[in-house]
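Undergrad: Got a structure for you, questions after.
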Amino acid sequence: MKSFTFLILFLFAAQSISVYAGSFHKDVKIHWGDGRGKIHDNQGKLLSLSLDKSSGSGFQSNQEFLYGKAEVQMKLVPGNSAGTVTTFYLKSPGTTWDEIDFEFLGNISGHPYTLHTNVYTKGSGDKEQQFHLWFDPTANFHTYCITWNPQRIIFTVDGIPIREFMNAESRGVPFPTKQPMRLYASLWEAEHWATRGGLEKTDWSKAPFTAYYRNYNVEGCVWVNGKSVCPANSQWFTQKLDSNGQTRMKGVQSKYMVYNYCSDKKRFPRGVPPECS
């Protein structure tokens, strides 16, 4: 496969298959959960995922994308959510998959969620950054966005950049450029690791646990017949952080980041990965 397999089509027709303006009815499939995932309105704007002791639930986009901007508003499980993981992510199939993650790790009542971000290329991740958010993500809906283009991946929360992962393939750092991905969301149990490394277990007396998603929106290069078809006016395709964006991101990281693989010298005693320097 060529390194760039996308087509830029300067046609309005391309936009009709490359931009999704958010209907859970039209654009996603609840692909597991046996009824625990539900769409709540005729317009397809609000969806819930639930978890009980028998099963969690999840949905996936109907289309695959090679590059795109995906965002959704989420309201997380309130109260004692220890052992639960609520997600919004991009992923390709297979054993050498690519993946871009937002994962929200639950906690006991009165303690903050951990927002876990990661990037996988060809099945290899280990690029974790984690944050404690500056608001209660269970009280109201907040907007989470992944922008993925050939130069970088940008994670934003309520429009504020919290992480930028650059394409450093020229330095030998893998970057997802070749495999189309679907968008996924899920609510599932991971009590063996999710909360304080597995020390806090899921309190099933609080089940069912429910998270809400609304205003799903994807602007992406849709994978069609082996090519990625992009609209002509995709500003996200060349998006980067300006000086103000960099300043805002560094401010969030200095105040709210609780783990950065680039700073973990015990994990990398021979030196941190090259993208960290």
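Every residue number used here counts from 1 along the chain in the order it is shown.
Placed from the backbone N, Cα and C atoms, the Cβ positions cover glycine too.
Pulled these features from Swiss-Prot for this protein:
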- E99: active site, nucleophile (ACT_SITE)
- E103: active site, proton donor (ACT_SITE)
- C221-C230: disulfide bond (DISULFID)
- C262-C276: disulfide bond (DISULFID)
- 22-213: domain 'GH16' (DOMAIN)
- N107: N-linked glycosylation site (CARBOHYD)
Undergrad: Under a three-state reduction of DSSP output, how is N107 (N-linked glycosylation site) classified: helix, strand, or coil?
TA: coil
Undergrad: Across the domain 'GH16' (22-213), what is the average pLDDT of the model, as a whole number?
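TA: Taking every residue of the domain 'GH16' (22-213) together, the mean pLDDT is 97.
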Undergrad: State the Cα to Cα distance, in Å, between N107 (N-linked glycosylation site) and C230 (disulfide bond), rounded to an integer.
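TA: It is 40 Å, counting Cα to Cα.
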Undergrad: When you rank E103, C262, C276 by Cα distance to C221 (disulfide bond), which of the recorded positions ends up on top as the closest?
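TA: The answer is E103.
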Undergrad: Roughly how many angstrom lie between the C-alpha atoms of E99 (active site, nucleophile) and C262 (disulfide bond)?
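TA: One finds 19 Å between the Cα atoms of these residues.
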Undergrad: Could you round the CA separation between C230 (disulfide bond) and C276 (disulfide bond) to a whole angstrom and send it over?
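TA: Spelling it out, the Cα of C230 (disulfide bond) and the Cα of C276 (disulfide bond) are 31 Å apart.
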